[in-house]
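What Swiss-Prot annotates here:
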DISULFID  Cys33-Cys187  disulfide bond
CARBOHYD  Asn50  N-linked glycosylation site
CARBOHYD  Asn64  N-linked glycosylation site
CARBOHYD  Asn109  N-linked glycosylation site
SIGNAL    1-26  signal peptide
Amino acid sequence: MGVPERPTLLLLLSLLLIPLGLPVLCAPPRLICDSRVLERYILEAKEAENVTMGCAEGPRLSENITVPDTKVNFYAWKRMEVEEQAIEVWQGLSLLSEAILQAQALLANSSQPPETLQLHIDKAISGLRSLTSLLRVLGAQKELMSPPDTTPPAPLRTLTVDTFCKLFRVYANFLRGKLKLYTGEVCRRGDR
């Protein structure tokens with residue numbers, strides 16, 4: 001007789017270690033398939049959006065930042081191969097990570113950055129790193145390595161934002177939209 005498994009305890013431990021940037025070696029490879037994991041990151045993104053929305057005009061960025069377009073054509077998305085979806089999600093996540101890091105640099109250069117804003121930027125950076133790690137375990141990064149005889153993926157649609165509120169809105173919408181659709185499909189198929 002072995003020790004009874006405690007998936008809830010494992011999930012809680014994993015959620016505590018992931019934001020620290022520590023590899024979670026004992027985590028199940030399909031941790032992202034647990035809806036509570038993704039919902040936690042979505043909630044953090046929405047909280048950041050709400051905090052920045054609470055300001056009169058919201059803190060402005062000193063320059064425009066390019067972010068992925070979060071609009072989803074559900075008909076086209078369902079017709080895409082999972083590999084194409086993975087490429088779009090991976091590219092979007094990479095661009096979003098760059099955008100948040102750029103916002104962090106702009107915030108650091110401003111005089112007296114709001115402490116709560118800095119906290120949400122730091123949480124977003126940690127969350128994106130964790131999501132990137134979880135997607136690697138899921139195998140999403142492998143989809144970027146396409147054979148030389150295939151056509152290159154369509155360029156990622158982008159837009160620019162000029163406030164922290166808009167940046168966090170894109171972050172939340174990307175997680176709720178493309179990332180959730182992709183992980184849901186992969187987890188349903190059980191391919192990874």
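Using the three backbone atoms N, Cα and C, a Cβ is placed for every residue, glycine included.
Shown here: features listed in Swiss-Prot, placed on the structure.
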{"residue": "Cys33", "record": "disulfide bond", "Cβ within 10 Å": "18"}
{"residue": "Asn50", "record": "N-linked glycosylation site", "Cβ within 10 Å": "14"}
{"residue": "Asn64", "record": "N-linked glycosylation site", "Cβ within 10 Å": "12"}
{"residue": "Asn109", "record": "N-linked glycosylation site", "Cβ within 10 Å": "9"}
{"residue": "Cys187", "record": "disulfide bond", "Cβ within 10 Å": "16"}
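Here the CA atom of Cys187 (disulfide bond) lies 41 Å from the CA atom of Asn109 (N-linked glycosylation site). Distance noted between the C-alpha atoms of Cys187 (disulfide bond) and Asn50 (N-linked glycosylation site) is 30 Å.
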